[in-house]
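So that you can see what the record holds, here are the features copied from TrEMBL:
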type	residues	note
TRANSMEM	12-32	transmembrane segment
TRANSMEM	44-62	transmembrane segment
DOMAIN	68-315	domain 'Cytochrome c assembly protein'
TRANSMEM	74-91	transmembrane segment
TRANSMEM	137-165	transmembrane segment
TRANSMEM	223-246	transmembrane segment
TRANSMEM	261-278	transmembrane segment
TRANSMEM	290-314	transmembrane segment
Amino acid sequence: MIFATLEHILTHISFSIISIVIMIHLMNLLVYEIEGLRNSSEKGMIATFFSITGFLVIRWISSGHFPLSNLYESLIFLSWSLSIIHMIPYLGNHKNDLSAITAPSAIFTQGFATSGLSTEMHQPAILVPALQSQWLMMHVSMMLLSYAALLCGSLLSVALIVITFQKRIDSFLKNKNFLSLRKSFFFGDMEYLNEKGSVLKKTSFLSFQNFYKYQLIQLLDYWSYRVISLGFTFLTIGILSGAVWANEAWGSYWNWDPKETWAFITWTIFAIYLHTRTNQKLQDQGTNSAFVASIGFLLIWICYFGINLLGIGFHSYGSFQ
C-alpha cells in the first residue's frame, strides 16, 4: 500500500513540475527571456528526472522486476528518457536548445500515461513467461531510449523544414514586391524614389533576420543529426538484443512479427537519413535528410503505438488490452 501511495505522489509531482516548466517556457517565448526563469526550468526538469527515477525504483522494488511490463510503465520510462535527453546539453554547459521539444514531449507522454490509460493498467502486472528473462531490461530500455531520441530528433527536423519553407516563401514575397516596385518606376519616378528609401531602411533588418534564420536552421540540423545518431545507436542495440532474446524465447532470431517488421522499417528509414545527412550538399541545408526524418517520426508511432492498438503478434502483451 505504501509503495502505491509513493508512486502516486511521485507521478503527480513530476507531472506538476513539467507543467510549471512548460508555463515558464511560454512566458519566455511570449514575453521575453528571463535568465532566472530559464535556469529554474532547467532545474525543474532535473527534479522531474529524479521524481520519475524514484517512481521506477519503487515500482521495481514492489513488483520484483524491471518496470517495463505494460504500456503504462513503458510510457513513464519514455518520459524518463525524454528528461535525460533534455539534460544532455545542460550537463555539457551548453545552452539547452532541445527544451522546446523535450519538455512538451515529456508532459504529453506522462499526461497520457496518467490520464489516458485505465486505472487497471497502472497496477504492476505479473510477467508473462516470455518476459521473464534478463534480456527484458536490455532490450526494452534500449528500444524506449531510441524512441525518445528519434522522436526528439525527428521533431527538430520537422521544425527545420517549417523554417526553411517559411524562409523560401518570404524570399518569394520579397521578390514579388521588388518586381512591383520596379513596375511602379514606369508609372512615376517620384513614387519609385520614395519607396526606394523605405526599402533601403529595411535592408539591414532583413539581412539580420535572414542571418538569424540561417543560424537557427544550422542549429536545428546540428542537434537533429546528433540526437538521431544517438537514437539510431540505441535502436540498433535494441534490435540486436531483441533478436538474441527471441532466439531464447521462441527458438528463432527473427520471426517477422509485426513489431519486428516495423522496427526494421524504422531502422532502415533512419539509416537512410544518416546516409543522406552525411552526404548532403551545403546548399541543401539539411532539408532532404529532414524529410526522411519526418517520415521516421510517423513510423516510430506506428511501431510503438500502432501495433499495440492492434494487439497482434508476439508483442501483444504490451497492448492496451
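The backbone N, Cα and C atoms fix where each Cβ goes, glycine too.
Curation plays no part in TrEMBL annotations; they are all automatic predictions.
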Q | Mean per-residue pLDDT computed across the domain 'Cytochrome c assembly protein' (68-315) | A | 77
Q) Between the stretches 44-62, 137-165, 223-246, 261-278, which one has more Cβ pairs under 8 Å with the transmembrane segment (290-314) than any other? A) 137-165
Q: Could you pull out which residues elsewhere in the chain have a CB under 8 Å from any CB of the transmembrane segment (261-278), counting only those six or more residues past its ends?
A: 143, 150, 221, 225, 228-229, 231-232, 235-236, 238-239, 242, 286, 288-289, 292-293, 295-296, 299-300, 302-303, 306-307
